[in-house]
Amino acid sequence: MTQLVAVAGEPVYLPCDIATQDEDDAVLLVLWYREDLGTPIYSVDARERDFGVAERWSDESVFASRAYFLPERRPAELGVDRVRASDQGIYRCRVDFKQAQTRNSRVNLTVIVPPSKMVIIDDKGDVKQAIVGPYIEGDTFTLKCDVSGGRPRPWVKWFRDDVEVDTPAVPLAGGGVRGVLHVGPLTRADVRAAFTCRASNHLRAHPIETTLTLDMNFPPLSVHILGSNQPLSASRRYDLLCQSSGSRPPASITWWKNGHRINNAKETLSSDGNTTTSTVSLQLTKSDAGAKLACRASNPQMPSVAALEDDWLLDIQYVPETTVRLGTNLDPKNIKEGSDVYFDCIIKAHPYVYKVEWRHNGKSLVHNVGHGIIITNQSLVLQGVGRKTAGNYTCVGFNAEGDGESKPFTLNVLYAPTCRSSQQRVHGVAKQERAHITCHVDANPADVSFRWTFNNTANSNEVSDGYVSRSGTSSTVSYTPRTEMDYGTLLCWAHNRIGKQRVPCVYHIIAAGRPDQVHNCTVVNASLTSFGVRCSEGFNGGLPQSFLLEVREIITQEIIANVSSAVPRFTAVGLEPGKTYAAAVLAYNAKGRGDPYPLRASTLRPPEKHHVHDKSLDLPRTAFQISGAMSAAVGGGGVLMVVLVLFMVAVRQKCAKRKPRSAPPPSSQPASPDKLREKDDSESDDRNPDIIPSDTDHMQIDYFRQQQVSTISPPPGNRAPRGSVAGVRGSIPGYCPLRTVPPAHPQMHDTTNAPSSIPPPARFASGACTLPRGAGACGTSGAGIPLQHLRTLPRPLPAPAPAPRHTPRDTPL
């Protein structure tokens, strides 16, 4: 038999071994009985179903919904929540197996019922709950603690300030018990003593207890003036507090100064009635220094006991009064940079200062000979003063009353002009454009005059005063470059009565233009719906530049994202997962836009979904099994099919590369020589193994093709032998740069079969485009080619002796 002990209100678990000896055996039925009841009180029936889904039943008159069976434990257990006193008894578990004999096990459950009620009474029979008393010194009293309820009978103990006291116990009728405590004779040490009666009947049962605090009538135990023996400031009003505690009933407090009573005091009582606080409002002067201020506390119910008194000798003090004085041999109006300066701090204080501190513009100064700061007693020496040394100086005296800071003494340091930092040093100016270059200097005194000169590679000239204006410590020159020789360097000098500027302010005048193309662009931080682009910026063209990122659909060229930034760092958001976009980064300033840098960027693909196999859905295995030879045959056939499909795809792609993208409609007329030449060149490029395509050039050329950049022929004589594509560093073989202009003679082209003219995107237009290299490609002086996609442009016939082609494999359009 298993012995179990449970505390009422807690859960209990009754063991029942349902383990089988044979793997083919199984549990059919589990029944729980209580010996005083003839019928089962709980059952688990698995006779017609699997044991995991067996039918469970609980007697509503015994456990009801409080019982539940836990077969997964070893041994299995019957759990019962919130066990009751009536649940105590002997329980039997009967287990019926499919093959083995029935198994029975017994459990003896003992339920501990904690005590339920505690009452404390004094000698007079009064029930005490929190306070006992009041008593006076020498009194004795008895406390009785009656405890009822509980099974088994509880024990009762008394504790004084958490220390156990010998407690005689007396049994009471009805299963109760009484604990008696004798206290006395009382002394002052017993005030606010805590007496606790504690009862319990088992180590696992939570004890019940009641604590009483002893209250006594005594004369005041203490009286003191709060914040006494501290200096008081003259001419200030103070609310002084005096507190007295330990008096029963509350003490009476009076104030006295040099034997004369002060009558404007007010008294307040604490919530527990043990502390009395008296407040008096006083405004003292320096003449009250050394006076005796007293606070007296007495118990009105005990007039024979002398009053307690706390006195305070007043110390009337004030904040130090300080003054900064410059050295007698120094002129405050003529202190130049590099000279030595010293100050004295004149102090009046009571009590005298224990520390003197020097401050410069509100910041404390520290003795540092290396930096020219020397502090000795109440003097400050500054060696080799400069413009940073100028400012407001104060001295602060510290005493017990506080700190007193002097009025600021302003040290004015005179120095020659110097060029102010953080100025724009490079100015981009176009020809015939008027620029205003401002020179800022720092100088003291601020009455300065300026001189400007212009230097270039040829000579150096003074700038006429008619082009120069002055405002304070700044001078502005109006400058208009008219020729290439007007670009150079402007130098600005200033001087005042202290001296001349040693190093001039230098401003570079350069020809302003559009910014250069960005470079080294990379795609970073790609996610499902965003990616970032980082580039290195190029020359700004002499003007402040900004940057722009445009993200477009590759097919439709629809703008998906448009991001601008002061630096070439972008993040495009709100994109579709797993998709590739055409992006372009360009710089722009007041003169226009630089060439765009095209690139491709892709977002991440979403993770694939994996289906978890459910074993419960497995079908029964059939008798048919695949042999090893059959498996090899099936596998080999699958590999052959995959190879065949890959071969067909490769052949199809190779044929597709040799075919033009769009076949013209059937016509009875023969194809033009240009069309035939274009096809031959394309096929020859594909068959030429010596041509190695450039990935970067191919990507950028494709970008401009997708942007549908229009082209025209350049004027005669301006053809470059080798061209470049906008946004591509270096040259692309077989292309020449052309400006984008509207078509001059659209009637010269057949519009029946060619696609309609599409204007270039406004934001990506860079003023550069390409045509295939060939005879007359860049030297045509006649009508221009209409605006159309590069892929539709016919390839011109080559010259009789053309140079070897080095065009990338995918260049033919």
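From the backbone N, Cα and C atoms, a Cβ is placed for every residue, glycine too.
Automated prediction, rather than curation, is the source of TrEMBL annotations.
Quantities reported herein were computed from a predicted structural model and do not represent experimental measurements.
What TrEMBL records for 674-697 is compositional bias 'Basic and acidic residues'. For 795-805, the entry in TrEMBL reads compositional bias 'Pro residues'. Annotation source TrEMBL lists domain 'Ig-like' at 1-110, 115-213, 219-306, 320-412, 417-496. Annotated domain 'Fibronectin type-III' per TrEMBL: 514-607, in sequence order. Taken from TrEMBL, the feature region 'Disordered' applies to 656-697, 709-728, 794-813. Among the features that TrEMBL reports, transmembrane segment is placed at 629-651.
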*Could you break down the residues of the domain 'Ig-like' (115-213) into DSSP helix, strand and coil, giving a count for each?*
6 helix, 52 strand, 41 coil
*Could you pull the average pLDDT for the domain 'Ig-like' (1-110)?*
90
*Write out how many residues of the domain 'Ig-like' (417-496) are helix, how many strand and how many coil, based on DSSP.*
6 helix, 44 strand, 30 coil
*Reported in the order helix, strand, coil, what are the DSSP residue counts of the domain 'Fibronectin type-III' (514-607)?*
0 helix, 48 strand, 46 coil
